[in-house]
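Visitor: Got these off TrEMBL a minute ago, pasting:
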type	residues	note
DOMAIN	520-748	domain 'STAS'
TRANSMEM	98-123	transmembrane segment
TRANSMEM	178-200	transmembrane segment
TRANSMEM	257-274	transmembrane segment
TRANSMEM	286-306	transmembrane segment
TRANSMEM	343-363	transmembrane segment
TRANSMEM	464-496	transmembrane segment
Amino acid sequence: KMDSTRRFGKYRVEREVLDEQRLEEVTQRKAYAETHPSLTECLKDSFRCTVPRLKHSVMSSLPVLYWLPKYSVWDYGMPDLISGISVGIMHLPQGMAYALLASLPPVFGLYTSLYPAFIYIFFGTSRHISIGTFTVLSIMVGSVTERLAPDMDFLKTNGTNITTEVDITARDSYRVQVAAATTVLGGLIQVVLGLVKFGFVGTYLSEPLVRAYTTAAAAHAVVAQLKYIFGVSPTRFSGPLSLVYTLKDVCYLLPHTHLPTLVVSAVSMAFLIAAKELNSFLRPKLPVPIPVELITIVAGTLISSYSNLNSNYTISVVGEIPSGLSSPSVPDVSLFGEVIGDAFALAIVGYAISISLGKTFALKHGYKVDSNQELVALGLSNTVGGFFQCYSVCPSMSRSLIQETTGGKTQVTLVVLVTILKLGPLFQELPKAILAAIVFVNLKGMFKQYSDVVTLWKRSKIDLVVWLVTWVSTLLFNLDLGLAASIIFALLTVIFRTQMPTYSVLGNVPGTELYVDMETHKEAREIPGVTIFRSSATVYFANAELYLEALKEKSGLDISKMIIYKRRQEAKQRHAGHWADTCMDGDITDNEEQGCTERENGTVFVIPVTPRTPDGPCRWEYLKGGDPDCTSLGWMSELQDGDTTTLGSSSDDTLSRDLERVSLGSLGKWTWDIHSIIIDLSTANFIDTVAIKTVKNIFQDFSEIDVDIYLAGCQASVVEQLERGDFFSESITKRSLFASVHDAVLYCLNHRGATSFPRYEPSLQLCC
């Protein structure tokens with residue numbers, strides 16, 4: 001009903017036709033020096049504003065100085081307390097469970113839930129994200145620790161005999177060093193990127209890429225937890241196809257499944273799934289979600305402790321968890337060279353997840369998140385955390401949602417984790433199968449992302465290909481190489497799309513100044529004598545040649561042949577009536593300067609190819625497809641070598657066929673009904689030197705056949721680049737650039753004879 005009663009407004013604008021030169025006069029465009037201050041002026045401004053900028057720099061580098069003095073215990077104290085307890089309860093089971101994904105003892109997951117989060121309080125700009133362990137990063141860290149510290153390197157020896165028992169203490173100790181070194185290096189990379197204002201790097205990770213990557217990472221997490229679910233010990237693999245090899249080995253060991261462990265896993269998963277579904281059903285009625293994971297690990301610990309599951313049924317448990325806080329230690333710097341690639345991947349993925357969640361909550365609650373400062377904050381959290389044996393962190397969606405929904409207003413809530421950490425030693429008898437079950441159930445949301453395939457199939461085939469390539473490459477090449485391959489492929493799709501844009505010829509919407517694609521709009525009307533050409537992408541070195549070919553195709557003008565024809569006509573007019581002799585039976589006249597000879601069947605163009613010699617006359621050849629003067633145009637590759645016929649050897653029939661070849665109808669669009677071509681550059685946001693040269697050639701070549709070229713809709717930055725690229729000259733001035741396509745159309749029709757075209761629409765005749 002609203003659409004049917006909607007009233008459309010109208011407007012009328014009466015102004016002069018504006019080319020670029022007149023537009024600059026009207027708008028008083030500033031000179032380049034005015035908009036781009038010199039180095040001396042920049043230095044003066046920096047010294048003049050040193051104190052204010054220093055104050056702003058300190059405030060932006062330490063956001064806690066901005067909000068802490070304004071913190072109101074009365075307004076924020078109780079919501080932050082409730083939120084802190086709720087989030088802390090989630091940190092406890094997730095920290096221990098995700099530590100298994102990183103192939104580290106569970107206590108280091110608790111450390112990771114505390115130290116980095118505490119550092120983020122001082123440097124972070126988001127008020128709602130919960131820094132700590134995360135599934136994807138835990139898996140990525142686990143791939144590094146298992147690659148550099150495999151079980152085979154820590155087999156205990158007994159004299160000369162090698163036993164099958166692994167020195168777990170030594171292995172875990174070295175894995176902690178590897179994880180800490182990787183985390184510190186990744187944090188330093190994030191800090192450096194943040195200081196050089198490289199926060200935009202996260203934009204190169206598109207949503208389809210991130211979702212496919214996390215979906216594939218979830219598959220890695222599932223395979224990594226199968227050994228805890230079934231109680232088997234598969235061989236550890238690393239490198240490409242390690243997922244396939246591990247899954248194959250697990251399937252081979254299924255007949256040896258430890259049944260008590262499988263029962264604990266199945267019961268835990270059944271309880272978690274049922275409890276989470278009940279939680280979702282009661283969510284509108286509950287102020288705080290039920291802590292399902294905490295209930296599960298408390299119940300599992302009590303049952304395991306009183307039933308002696310470890311001693312009676314050999315069910316693997318968490319083991320000793322030291323109480324208190326860990327002391328700092330310097331990571332092993334010698335490992336940096338081996339983990340630099342993994343550290344960079346962790347830095348980029350962690351930042352991408354952090355900034356996406358941070359901006360989501362900031363937009364919802366009306367505050368701003370600084371992408372560069374977030375990169376620095378996350379980097380410092382990882383760097384400092386690495387000194388306390390933590391591994392790489394980033395925010396978790398589930399914890400962040402709990403912090404937001406329970407009323408958390410600031411990051412002060414994380415201090416409550418100090419008290420939560422004291423509960424760690426109580427869970428030494430917790431079966432690892434329960435932690436694996438928690439990981440399994442928490443991955444349900446990531447597995448739902450497989451529905452993206454159906455959605456992207458309907459919306460964007462290119463995004464679907466990016467999704468599938470990312471998913472496959474991450475599964476097969478592991479998380480580090482998979483991420484690199486995915487980013488490279490995603491960037492290639494952008495390049496390919498700019499190389500294969502949509503080229504269109506525009507027509508006028510009657511009664512308006514609007515111009516749309518004539519192929520997709522039935523009511524679009526062609527402007528008589530004018531072709532309006534537009535590309536959906538900017539013109540640059542990668543698509544300049546394709547742009548040129550598309551312009552030739554869309555305009556219907558074969559420039560090379562048209563120039564040949566025009567020059568022949570000019571030669572015919574110059575030499576008409578000046579023939580010295582007549583070529584008979586292949587004999588050439590004594591006049592070597594003549595360019596053609598007259599026959600009964602028409603005019604034949606000939607050129608001398610050899611000079612006159614004492615032994616005989618010069619040799620003349622009939623040029624069928626080219627003109628020696630045209631070779632400088634750059635488009636003469638169509639003229640093949642040997643495309644000439646010696647006139648003396650040509651019979652009358654052959655000559656007749658040759659003349660038929662050069663008839664106007666066989667050379668393309670020879671009605672010459674186009675006098676102007678307007679190139680719409682409104683889609684171009686930059687233009688490089690190759691594109692400038694291409695546009696210059698377009699001006700020069702079309703002028704050879706008396707077709708005028710005009711540019712329309714150029715942005716100010718593009719005009720500046722044209723000026724710096726020496727595009728303008730005596731023949732190409734700013735009078736050839738127009739503020740809009742309509743300005744250019746009106747100029748063309750008034751300049752090149754609008755009265756010659758009775759089909760010209762009166763609606764276009766606006767005041768000019």
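Count begins at 1; order follows the chain as displayed.
A Cβ is built for glycine as well, from the same backbone N, Cα and C atoms used for every other residue.
Automated prediction, rather than curation, is the source of TrEMBL annotations.
For each listed feature, how buried is it and what is near it?
Guide: Packing against the transmembrane segment (98-123) from elsewhere in the chain are residues 61-64, 91-92, 130-135, 138-139, 141-142, 145-146, 172, 175-176, 179, 221, 224-225, 228, 318-319, 321-322, 325-326, 373, 376-378, 380-382, 384-385, 388-391, 393, 411-412, 414-415, 417-418, 421, 424, 427, 432, 435-436, 439: each is 6 or more residues past its ends and has a CB under 8 Å from a CB in it.
Long-range neighbours of the transmembrane segment (257-274) within the same chain, counting only residues 6 or more positions beyond its ends whose Cβ lies under 8 Å from a Cβ of the stretch, are 228-232, 292-293, 296, 300, 309, 313-316, 431, 433-434, 436-438, 440-441.
Within its own chain, the transmembrane segment (464-496) has Cβ neighbours under 8 Å at 136, 139-140, 143, 204-206, 208-209, 211-213, 215-217, 219-220, 238-244, 341-342, 345, 348-349, 452-453, 456-457, 542, counting only residues six or more beyond its boundaries.
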Visitor: Grab the same-chain neighbours of the transmembrane segment (178-200) for me: Cβ-Cβ under 8 Å, and only residues 6 or more beyond its ends, written as numbers and ranges.
Guide: 102, 104, 108, 141, 144-145, 148-149, 329, 331-333, 335-336, 339-340, 342-344, 346-347, 350-351, 355, 370-387, 389-392
